[in-house]
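Structure, as structure tokens:
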């Protein structure tokens with residue numbers, strides 16, 4: 001690699017990322033097929049598919065006004081064995097997503113599952129995979145659409161994670177190592193199943209990549225899609241809030257511009273509201289259907305609440321989710337199952353906070369007291385001592401040339417075409433390292449860890465935290481750091497391999513995993 005230019009190295013690493021992402025998905029699918037062929041599923045009810053309720057509309061029918069396309073009672077198919085294999089593989093939450101795509105939101109508990117996945121599945125089944133319906137049937141086509149969608153989304157998420165990591169870490173080798181770790185993450189089984197992990201990772205990591213590049217409008221759109229995929233997508237508005245907080249401070253106290261401050265605050269507020277609006281819209285949709293448009297004479301208790309949040313009620317009523325509700329003796333095995341990812345997350349948080357405590361305590365308003373050399377030598381991001389500082393891109397920075405260069409599909413992409421360069425103000429303030437860039441990532445991870453441990457079903461932590469980039473940045477550092485024993489790297493790889501094997505074995509056969 002020594003003789004390669006930066007552009008060639010980036011191109012080579014991008015190809016490696018795509019290669020590892022595709023191979024990892026093929027391995028996961030092969031494991032699923034293997035375990036399904038060797039073992040009998042614990043629950044054989046996955047293929048049961050009763051007729052849709054007459055008063056509901058398929059998720060795609062919400063937009064087309066027609067429900068005639070997706071119906072449960074389909075004629076005999078030409079390849080029944082293949083159809084059976086696909087339908088039997090639809091397990092756990094996948095059953096809900098496929099059912100919603102087919103029949104819409106029939107029951108109250110269905111509103112725990114957000115509409116982005118069902119909408120995408122329905123669109124694919126009506127277009128790309130529609131010719132397969134006579135061969136394997138409508139439900140199998142919906143399942144196949146979900147599998148193709150999520151595995152393709154995972155490959156794209158891996159690509160964006162590498163690009164995001166290259167921007168922040170300023171070291172393509174470390175970025176590559178972190179992305180390979182993501183390709184083999186312990187929640188891999190969910191990224192190849194009909195779950196929200198792949199779509200959420202793609203939208204969140206892709207949105208953060210564009211945010212770091214300064215493409216704020218594109219970033220806002222991508223981050224808003226995370227709110228259509230999962231409830232915790234609203235937390236991504238925190239990145240915009242953090243950016244707005246620092247820009248408004250500079251506008252008010254550095255540039256002393258009242259008009260500029262007001263413009264920054266207004267822009268940040270609108271972007272944040274746009275990101276959380278999908279969650280609000282979906283709650284309003286559920287309220288209309290269940291409280292106003294329902295046919296039942298009995299009003300649901302959550303409809304009478306001052307703030308009628310359907311999602312909170314469903315999680316508590318049907319899944320027993322709530323603060324400290326999972327702290328029971330019988331749940332100790334689930335805490336043990338989640339302990340590796342929680343330990344890794346805590347180590348990630350502690351490590352970065354200990355490196356720059358004054359930066360994290362002050363939310364980035366205080367400069368790190370570390371000098372340039374010590375920061376470079378102790379920093380777990382693999383950056384060289386001469387690398388340039390990175391902060392949130394300046395509001396008035398022009399990136400039209402960068403966008404044009406990215407849109408032209410050249411065989412090699414120069415690093416400076418997509419790495420965020422510091423503004424003149426930032427460069428004059430501190431020409432060295434700016435750890436402020438990590439603050440919102442770590443704050444986001446802290447909130448996610450606390451929620452997973454104290455509120456949620458703790459075993460879900462493995463997949464709930466799996467889309468957090470700092471985990472892979474820290475893991476990449478641990479595996480390559482000369483200061484740490486190599487055994488820690490082996491432990492991380494062993495943990496990932498064990499959970500991939502265990503997850504593909506248990507999850508695919510309808511046994512509880514996470």
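Each Cβ is built from the backbone N, Cα and C atoms, and glycine gets one as well.
Small disclaimer: the values here were computed from a predicted structure and weren't measured.
Taking TrEMBL as the reference, the stretch among 436-456, 457-477 described by the feature transmembrane segment is residues 436-456.
Check TrEMBL against the ranges 334-353, 354-373, 374-393, 394-413 and you find transmembrane segment recorded for 334-353. Counting only same-chain residues 6+ beyond the ends of the transmembrane segment (262-288), those with a CB under 8 A from a CB of the stretch are 105, 111, 114-115, 216, 220, 223-228, 231, 233-234, 236-237, 240-241, 243-245, 247-248, 251, 303, 308-311, 395. Counting same-chain residues at least six beyond the ends of the transmembrane segment (219-242), those with a Cβ under 8 angstroms from any Cβ of the stretch are 114-117, 196, 199-200, 203-204, 206-211, 213, 268, 271-272, 274-279, 282, 311, 363-364, 439-440, 443-444, 447-448, 451, 464. Between the transmembrane segment (20-39) and the stretches 111-136, 142-162, 334-353, it is 142-162 that has the most C-beta pairs under 8 angstroms.
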